[in-house]
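Encoded as structure tokens, the structure appears first; notes follow it.
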């Protein structure tokens, strides 16, 4: 969840992150509010996805509707000290082949090799971070895979990060003029242009396009969305409101996209194309995704980190 702030895939689109200059009670209140939002959003998303499981056509999706299973976990930091933890929410259903909606709140000290890479950690390695992370892979190749995460990070500085992106798995649907692409981009733009006025949609859309790119394939992972990090406008309440708007936009648009596609029948060729496209997803997450790499190198929960990988995949 806490990624490095450097690297080829992370152009410096974030605003300058300010040094914290406030009393402890204010910082703690902000931590509490951010964590509460992430966990409430998790609950709303899980409930929405379970309704989709109930409503999916029985003829295409036989069997019982899936339900989320929650598994708590704890972590230790590099010194062995207690470092918080989280809750994995996983579902393998008749519509959602695999979906994880995870919340975590972690704290501790960054290992020496990471301190220079994190804003505010070079001289004081202590950190706190809370967030929500989601990836969904559906059985129906007509329904795109999706990823969303938002987080709040505190060192001697504090900032928000996150985003959402859509990955159609059929080439004929992987276009910017596809109805799903248009609707998803419109929803993310709406989240960025709310009255709080602290987000830059054009930058965050471009950042997403550049981040979710496989250079060895010379292709994008999906059709894009938004991606942002080190977001600190100087108005914390507005920054939280923006992050909430991203979550609400996702909660509205993705179930709509699922519903408009889940009654479409698919062929064996569609499934084959889906499995091959999932291979690209695996390649990106294991080779380039800084959250995955960082989590594996800093003692994160392996099951949670790798839950983003699809349950079945092929390479031709």
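In case you wondered, yes, glycine gets a Cβ from its N, Cα and C as well.
Going through 133, 181, 308 against Swiss-Prot, the one listed in the substrate site together with 149, 150, 151, 299, 300, 301 turns out to be 133.
Neighbours of residue 147 (active site, proton donor), defined as other CB atoms within 10 A of its CB across all chains, total 22. Here the region 'Important for dimerization' (281-316) has Cβ contacts under 8 Å with residues 1-4, 7, 9-10, 71, 73, 75-78, 83, 85-86, 88, 90, 92, 97-98, 100, 102, 104, 110-111, 114, 133, 135, 137, 145, 147, 149, 167, 212, 214, 216-217, 221, 272, 275 of the same chain, all six or more residues outside its ends. Between the candidate binding-site residues, 133, 149, 150, 301, the densest Cβ environment within 10 Å is the one around 150.
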